[in-house]
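S.K.: Dumping what TrEMBL says about this protein:
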- 1-10: compositional bias 'Polar residues' (COMPBIAS)
- 213: N6-(pyridoxal phosphate)lysine (MOD_RES)
- 1-25: region 'Disordered' (REGION)
Ligand SMILES: *Cc1c(COP(=O)(O)O)cnc(C)c1O
């Protein structure tokens, strides 16, 4: 494990390839502090954005950090017509000593490259992905909130920007990172969500883009999400599109089921499930504790049976935004089940506490998952 000093100079080196062009109108300190005291996720953005431009002829060029602001876009830009777009989500956490860290960014960089391949976008080298995040957070370090579970959410994304209406991969692309401060996901204590199983609409199909983090998958999940709200539920659970029987994931979170014998199950990566960094980290932490973790095809009927006979005792969803969310109720057109008495399960809460502890520096980081940014 490298020392704190090495970590700081590593961060400076990663950021060095980005040209810093400071904003001429950063938000005054008092206004920023007022926003950070009660951040509204996704509505407030920091002073700068990181940016790299790609053309088929030149490759990745013009690495910079510039003032956050509107993008110029030709109405014929590829992304607006054929949805050539991918994104990532990760967070920067302020530790008690004031230093700023992020969680497993190499995993996000690798997934971003996989998503790019699937969407026929250019692959961004890992060093540019990490460099952009580091340079932006160093420029906007004052935007990283302190306080339990507050963080600066980072949104890297890339889109095909070429002005051309023909259907082929764009010969120009833009990569950007923007940042939005977020408060604790569960302000008044961890609260279970209710989940509606979508039985007639799917987010992804076999051979499609379900395992790529692309905007199009989210567009496909919105109508089922509205259906869930209309039934009085907060989130949707999707089944596989081929047989409509196997559990996949939520619109933006993976799912786990805890059995009474202490084993834990999660749907295997079938190709239409997004491989969450939170998912893979939780599998590791559960195994570290001696739990058996089974990744397999899980039928909805098996879960219904397990909830009815008491062999499934907890369920939770996980992803960067909420980390771990207990599932208190699972229902569909023909069933309605309460889980863990409708409250958060014990293992769910303790694994959540361990993971957020590693991220915020409260708990030791045995796997070297944290990378220092500032
Ligand atoms: C981003 C995402 C997740 C969670 O991934 P994390 O890396 O844990 O944040 C799960 N499912 C979908 C569809 C996603 O887009």
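Here the Cβ of each residue, glycine as well, is placed from N, Cα and C on the backbone.
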S.K.: Just how many other Cβ atoms lie inside 10 Å of the Cβ on residue 213 (N6-(pyridoxal phosphate)lysine)?
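M.R.: So the number of other Cβ atoms within 10 Å of residue 213 (N6-(pyridoxal phosphate)lysine) is 25.
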S.K.: Please count the residues of the region 'Disordered' (1-25) that DSSP assigns to helix (H, G, I), strand (E, B) and coil.
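M.R.: The region 'Disordered' (1-25) comes out at 12 helix, 2 strand, 11 coil.
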S.K.: With DSSP assignments reduced to helix, strand and coil, which class does residue 213 (N6-(pyridoxal phosphate)lysine) get?
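M.R.: For residue 213 (N6-(pyridoxal phosphate)lysine) - judged by DSSP and reduced to three states - the answer is coil.
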